[in-house]
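So that you can see what the record holds, here are the features copied from TrEMBL:
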type     : residues : note
ACT_SITE : ASP120   : active site
ACT_SITE : ASP382   : active site
DOMAIN   : 102-502  : domain 'Peptidase A1'
REGION   : 58-81    : region 'Disordered'
SIGNAL   : 1-25     : signal peptide
Amino acid sequence: MAGRRLVTLTLLAAAFLAAAPGGAGSKPSAKFELIHRGQAPWDEVARMDQERTAFISSHARRRATEAGRAKPKPKAKAKAAPADEAFAMPLSSGAYTGTGQYFVRFRVGTPARPFLLVADTGSDLTWVKCRRHAAPAPAPAPAPGYNYGYGAPASNDSSSVSAAASSPARVFRPDRSRTWAPIPCSSDTCTASLPFSLAACPTPGSPCAYEYRYKDGSAARGTVGTDSATIALSGRRAGKKQRRAKLRGVVLGCTTSYTGESFLASDGVLSLGYSNVSFASRAAARFGGRFSYCLVDHLAPRNATSYLTFGPNPAVSSASASRTACAGSAAAPGARQTPLLLDHRMRPFYAVAVNGVSVDGELLRIPRLVWDVQKGGGAILDSGTSLTVLVSPAYRAVVAALGKKLVGLPRVAMDPFDYCYNWTSPLTGEDLAVAVPALAVHFAGSARLQPPPKSYVIDAAPGVKCIGLQEGDWPGVSVIGNILQQEHLWEFDLKNRRLRFKRSRCMQ
């Protein structure tokens, strides 16, 4: 998980919000702060991205073969919040730590305890490092584990590390939370709704156990329960302090041990993936059917802050549309929108329909099947991948077109990139004033993502810039990573199956 963004918090079907009513004219919201932790070496970032992308592609193929098998039970509808109500969490870049992650501050339990969780659109379990009053169940054999595609530095030894020993100042103690309730291993929730649960069930009342295994052999183990999360509503009554509210019945993993170094920089994961149990899906269902985030520049200062918001965001979706039967179906002025493909083969990832890629206005010759999920391709938007990964036919066309425009610059070799350039003037020692060709990703619905040049011709070393794309295997899935997403506001409208986006500096 190092160099990754993970975020998972999940609500049961009976989850609801307990909050004081807002004052007249107020539009309450609550905010999660996202904190981006520092930049890992580029070769390590690329390795982890490749491992995650390989998992995503294999995951899509496996999902396709599972079509027609037993489907999960439909989730019950939670009581909806008022149309204009939202909550959000501050979100910031954590480049200062060297891990390349975006973090969110999250409070869970009663009394509430603060934790620093990784935000990830590819996760469907929220978990925190945990210490149980009773001894945890023996670690299960690795075979049944739920394998996620996040890479991490390999551990020097394979012994299990106690979660409590790693960061004792921030360890969740379920026995000290008045609202913690373990989920029995014999329950339908454990056996049918949680794909990461293990089959072992010593007694019907034993807690539901899980194991997350990662591509490098790292793993997180523990048991699943429910608890309450505390959120801060941003709407203020006159003369009153910021209001707090409880999200009850949040599905929470209590990780008691792990192997590898994937989890050293955070207290756990907050899931933003699309599934019946993810925090994003459940919280969005309660707050307008949507969530949004804005990722600050991955090299932004430590105090740069943006927000992960659940509920309507007037910056990207029309406020008037939220009051109609077609709630949330219109984009705000300046925002683009395209269909959000919630394909069962891609879950918990969010797929988008790509029509093509252009460089300086010229549409490149890339086979259309590269973007077709049914033909072994497709594209997803992923906060957990740093560098954008394009499958071979698309990658070769894009880097060749960009490289052709930069042919006058001296090439230098630098792993893990294929195209790097000496961007320093031999006369002044300053960066050369070279025009970077304009890159655009064309989505269905005439929506175009036109990222700033620094998002695809990146600063790789002092005086050196590289085309910051990676080549993925074909057939396979292309991944629009968080660096290409930076300085854009993204709204995932799950209810109306729309993705909206707009340029933004993200900082508030």
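Glycine is no exception: its Cβ is also placed from the backbone N, Cα and C atoms.
Each of the active-site residues ASP120, ASP382 was scored by the number of other CB atoms within 10 A of its CB, and the lowest score belongs to ASP382. The CA atom of ASP382 (active site) is located 8 Å away from the CA atom of ASP120 (active site). Per-residue confidence over the domain 'Peptidase A1' (102-502) averages 84 (mean pLDDT, predicted model).
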